Amino acid sequence: MSYAVKEMFLTLQGEGVQAGRRAVFVRFAGCNLWSGREQDRARAICRFCDTDFVGVDGLSGGRFADAQGLADAAVQMWSGGEEARFVVLTGGEPMLQVDDALIDALHAAGFFIAIESNGTIPVHPGIDWVCISPKAGSEIVQRRGNELKLVWPQPGSDVTAMEGWDFAHLLIQPLDDANAAANQEAAMALVMERPRWRLSLQTHKLLGLR
Ligand SMILES: C[S@@+](CC[C@H](N)C(=O)[O-])C[C@H]1O[C@@H](n2cnc3c(N)ncnc32)[C@H](O)[C@@H]1O
Ligand SMILES: Nc1nc2[nH]cc(C(=O)O)c2c(=O)[nH]1
Ligand code: SF4
Ligand SMILES: [Mg+2]
């Protein structure tokens, strides 16, 4: 299979339990919950997306003809030794494109593979770290993984039901929009009420990283 990649970059993982780790991000083009066009945002299932995932025109983006080519590009982007190689597959919705060949090629290159997914498509079983971020109004089929990262506030989310899903870590991430300060307060209040949850900040934004 070929892969449409919006952009690829080396940074620190900004969010979740793996925050602070040196990471290659592979941002796949396209999502099943929003077209990515501003004129469609108001009627999309997911309306708060902070990311441009349309096309393959970002820095180090492109169409990769095969898994080996994409894994080679990730190794080049890592630009370090063979130790602790860490890749984050995101998007857009990465599970629209991730397949056996890509997981095998990235593992052969020595990567620990993390994914950021909206949970509407079962994630590939070979992935080493699964982060699911549910969106109200979508059906979540992937109810197990390493971390559940709920953007907050999200009217229509059943937090109690999510506590029954099979995740090692439950995270609340303040919605980054025009009401960011109030959203942070709401997220902190939820953690104070439900101590199984903890706060995830988008630290890359605080630090001025990508
Ligand atoms: C851009 S999404 C791509 C991966 C996948 N489609 C998903 O939604 O999980 C990456 C992460 O950013 C989060 N996110 C997107 N927009 C956000 C916003 N405005 N504020 C806070 N987090 C946001 C998503 O919930 C997800 O955890
Ligand atoms: N530094 C950094 N960390 C991130 N963690 C999840 C991100 C994403 O957009 O999936 C992201 C991102 O875009 N940048
Ligand atoms: S599901 Fe993820 S990539 Fe798709 S629109 Fe929502 S936040 Fe953005
Ligand atoms: Mg992001």
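The backbone N, Cα and C atoms fix where each Cβ goes, glycine too.
Database features (TrEMBL):
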- Leu12, Gln13, Gly14, Arg27, Thr90: substrate binding site (BINDING)
- Cys31, Cys46, Cys49: [4Fe-4S] cluster binding site (BINDING)
- Phe48, Cys49, Asp50, Gly92, Ser133, Pro134, Lys135, Gln173, Pro174, Leu175, Asp176: S-adenosyl-L-methionine binding site (BINDING)
- Thr51: Mg(2+) binding site (BINDING)
- 18-210: domain 'Radical SAM core' (DOMAIN)
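Projection of TrEMBL feature records onto the structure.
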residue: Leu12; record: substrate binding site; Cβ neighbours (10 Å): 17
residue: Arg27; record: substrate binding site; Cβ neighbours (10 Å): 24
residue: Cys31; record: [4Fe-4S] cluster binding site; Cβ neighbours (10 Å): 22
residue: Phe48; record: S-adenosyl-L-methionine binding site; Cβ neighbours (10 Å): 14
residue: Cys49; record: [4Fe-4S] cluster binding site; Cβ neighbours (10 Å): 18
residue: Asp50; record: S-adenosyl-L-methionine binding site; Cβ neighbours (10 Å): 10
residue: Thr51; record: Mg(2+) binding site; Cβ neighbours (10 Å): 14
residue: Thr90; record: substrate binding site; Cβ neighbours (10 Å): 20
residue: Pro174; record: S-adenosyl-L-methionine binding site; Cβ neighbours (10 Å): 23
residue: Asp176; record: S-adenosyl-L-methionine binding site; Cβ neighbours (10 Å): 15
Residues among the binding-site residues Leu12, Gly14, Phe48, Thr90, Lys135 that border ligand 4 - Cβ under 6 angstroms, in sequence order: none
Residues flanking the substrate site, with Cβ no more than 8 Å from the Cβ centroid of Leu12, Gln13, Gly14, Arg27, Thr90 and excluding those residues themselves: Thr11, Glu15, Ala23, Phe25, Val88, Glu116, His204, Arg210
Top Cα neighbour of Cys49 ([4Fe-4S] cluster binding site) in the set of binding-site residues Leu12, Arg27, Asp176: Asp176
Cβ contacts of Gln13 (substrate binding site) (under 8 Å, same chain, 6 or more positions away): Ala19, Gly20, Arg21, Ala23, Phe86, Val88, Ala114
Largest CA-to-CA spread of S-adenosyl-L-methionine binders Phe48, Cys49, Asp50, Gly92, Ser133, Pro134, Lys135, Gln173, Pro174, Leu175, Asp176, angstrom: 19
Residue from Arg27, Ser133, Lys135 whose C-alpha is spatially nearest that of the residue listed as 'Mg(2+) binding site', among the binding-site residues: Arg27
Filtered binding-site residues, from Leu12, Arg27, Cys46, Asp50, Thr51, whose Cβ is under 6 Å from an atom of ligand 1: Asp50, Thr51
In sequence order, those binding-site residues of Arg27, Cys31, Cys46, Cys49, Thr90 whose CB lies under 6 Å from ligand 3: Cys31, Cys46, Cys49
Spatial separation of Asp50 (S-adenosyl-L-methionine binding site) from Arg27 (substrate binding site) - C-alpha basis, Å: 13
Listed binding-site residues adjacent to ligand 2, that is, members of Gln13, Gly14, Asp50, Thr90 whose C-beta is under 6 A away: Gln13, Gly14, Thr90
Stretch-averaged pLDDT - the domain 'Radical SAM core' (18-210): 98
Cα-Cα distance linking Cys46 ([4Fe-4S] cluster binding site) and Gly14 (substrate binding site), given in Å to the nearest integer: 21
Shortest C-alpha distance to Pro174 (S-adenosyl-L-methionine binding site) - which of the binding-site residues Leu12, Cys31, Cys46, Thr90: Cys46
Mapped DSSP class for Asp176 (S-adenosyl-L-methionine binding site), helix or strand or coil: coil
